[in-house]
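J.: First, the structure itself, so that you have it in front of you.
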């Protein structure tokens, strides 16, 4: 065992990257849940984003266009969920699960031609001299633009929910849709927009996996990240900054166990892999003291007449 | 209830007979049961390439069918039965977990031939086949040992099972032989398929000083990680991964099922098929070594090719004594080679590898 | 202007008609999809829906419908009780895994002793495994008010890791040449959940599923507890006034759903699957959620929905093999079916009104 082989700078830089798909997907879901909708289809929207982004990047040669397409693809798929749950008032849990099933299948059909193809690479942002600062340089200033976009988005969602009128309305809808409706807010429209935002974010997260983190296309390659994102939203108790922290923790645990293995520490891998979920449950218990943590209307169907 | 049971068994008997009729069909029907999607770019993808090679070889004389992403257990039994009922003459079941289902269904269809990959249970109409990937690992180990500058070789394993452990040992023995200072860092991903995790594992190994990455997982994620890091070499796994040549991918182990699938289909057509256990390596072409790229120095490449030739013609066995186990006990005496039984169930590291196999 | 108006009573006619309409819509859109993939749409649809039921080899596929459908129905029945009362256990997959592990472990502990008591003991152990796993979110909900959707979902992943650990460790077959996976219970007579009548597909799991359907039907229509469940789902406050104890209801509904999921896991591992492996679970726990909703949370509906889904799985595999349809196309097709079923359910609860909304 030799823990000195673990380079803390590279370790931190590593989990910043590992956490990025989670940040996107979970942040989108956070907004959706804040509006009172539970969309369990994150995995399906991510994988659609992964293939839309990959295919577009390969065809156009531009990863940035790929990310754009991924966001559009995720949002379009989420419209299906919005239609089911907001227009036809179907159950959200079942609709979300169906969305994942559909997304996994549909992405595989779209991606048949892209197995074994190497996508164009997105360059790191050039920070000039900043990159050469010891420690901070490699940790903070050696990444691609999308990673920074994720961080900006966290701040934007936080500010948007807290300080803007739109954020206030969104939260009002999530807390009590009947009251919000009575005040004249368009509950269905607001929720549909939130769902689309969630879809776009999930799509970006998926494309981050297929274009940057891995990068390649294979069927089912998101391998459950969407489900972890759902856990993360709860872990964060629906708060953006805690979500960021949680994403680093979740990403960090995987990085840590791989690092420990590399350093020759005998660890029970399965039990460490369980730990994020167990921790999330513990956090839920701790949070339960705060009765206002979860949006009150979460998962409930809204119809103006009811 | 009783009557319907009788009818059912009668019908099942008829169905079995139907399978027998199939022999008289003009076309030989070959079924493939796949555990993953054919678009996985690795294990199932290569088996499907083998299927396509059978179609190409025999043209109109054969018909191939396949079902992908079949769960092990009752689903696989149903798919095999369905293929047999539809008149398949030969069915390849391509995952270890299909072992008991294959034996079960084969007992119900004695006239249909079954071929189960990587298992150890056989019957009169069930053959088993597997590839000696460890032969390829020996060549990788040789190149890795010669080329590493940091003397640290990273190894990404899937689950700690004999197949993977055998590969680690083979690579280590041959790396050590050419470079006594070499050290292996082994990371278990605990998944058959999670490209993002494989990428992470590769990055971690590189960060910890590895400049050669060997992988027993099928995605190209480690290749991309190595390319980004620079000065790190990798080897393709399952497929050639030539899109990362000449560097970081300097060579590869390719699962090449085509020769075997063609030979077995031919045997069924000729009526010469019989149950046997096949464990082929480089010599028979089941394991192909992808082109060694120019990133490898010419002398190393020459040695590697010589090693490959000696393994292929059987003059050299990658597990040749003297070798000790990790705990210092004797494994093989001078000049002794490991028998297939020992290799098949290998659950120990050879001397020199640090760390424990997870339990 | 089209608007929705809530029906005073759910429409009986539409609750029967919508599933049929949904299947027809799926056939049309699915046919278009298959045509786009270059396959004969009519043949594809026929293979999926007709072949397993009435094709040449229906004698084989009909029993397979029972084998494939039984765990779905068994789990979905348990879930539906909770769903009706607004208690959301979506972690049945984990409870299914734990039931299988507990049950298999109980049986393997006695290997190779033969005794008639071993299988019943396994059934108890399996039920206990599922029950205890469901009790975690239940107790946390009752004691701390945590959200059971999320806790039960998290526990699925914990169970999956536990399954991997068991397959590679404690329960690994000592005679399996180091490969992961337990001994095969099909080859251990006392622990084997075999067919009750050869060739019929009937094993104890199928019997349990049918019993569960009847049990749930009686409970919901005849028993006070069924009333409590319905009232709690429709009007929680009214339920409290009428003397329903919400704590007990949560423990009961979560407990029953976990128990049934655990039983499904046990019957599967002791019967059709045979052994504990890393990939033992194939998503029955999640699919059962869909089955519960497709069945409109009604026991008979769930029975039919379980059969329908099993049919698409079996027919889908046949279509892959016979017509060369990719597995992904079948997945998309199933996704469509669910979408249409979910969307059309609207018409049981609401009716469309054309024209301007009345001014109140």
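Placed from the backbone N, Cα and C atoms, the Cβ positions cover glycine too.
Curation plays no part in TrEMBL annotations; they are all automatic predictions.
Pulled these from TrEMBL:
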TRANSMEM  C:12-37  transmembrane segment
TRANSMEM  C:65-83  transmembrane segment
TRANSMEM  C:95-111  transmembrane segment
TRANSMEM  C:117-140  transmembrane segment
TRANSMEM  C:149-171  transmembrane segment
TRANSMEM  C:202-220  transmembrane segment
TRANSMEM  C:249-267  transmembrane segment
TRANSMEM  C:273-294  transmembrane segment
TRANSMEM  C:301-319  transmembrane segment
TRANSMEM  C:325-344  transmembrane segment
J.: Compare C:65-83, C:117-140, C:273-294 by their Cβ pairs under 8 Å to the transmembrane segment (C:149-171) and return the stretch that comes out on top.
T.: C:273-294
J.: Report yes or no: does the transmembrane segment (C:117-140) come within contact of the transmembrane segment (C:12-37), defined as 3 or more CB pairs under 8 Å with a sequence separation of 6 or more?
T.: no
J.: Quick one: find which recorded stretch in C:12-37, C:65-83, C:301-319, C:325-344 has the most Cβ pairs under 8 Å with the transmembrane segment (C:202-220).
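T.: Stretch with the highest Cβ contact count: C:65-83.
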J.: Report, as numbers and ranges, every residue of the chain located at least six residues beyond the transmembrane segment (C:301-319) whose Cβ falls under 8 Å of a Cβ in that stretch; write 'none' if there are none.
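T.: Distant Cβ neighbours of the transmembrane segment (C:301-319) are 19, 23, 44, 47-53, 61, 64-65, 68-70, 72-73, 76-77, 80, 209, 213, 287, 290-292, 294-295, 325, 327, 330, 333-334, 337.
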J.: Please indicate, using numbers and ranges, the residues of the same chain that are 6 or more beyond the transmembrane segment (C:65-83) and have a C-beta under 8 Å from a C-beta there.
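T.: The answer is 52, 89, 92, 96, 200-203, 205-206, 208-209, 212-213, 215-216, 219-220, 229, 233, 253-254, 256-261, 263-265, 267-268, 272, 284-285, 287-289, 291-293, 295, 297-299, 302-303, 305-307, 309-311, 313-314.
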J.: Under 8 angstroms, Cβ to Cβ: which one of C:12-37, C:95-111, C:325-344 has the largest number of such pairs with the transmembrane segment (C:273-294)?
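T.: Out of the listed stretches, C:95-111 contacts the transmembrane segment (C:273-294) most.
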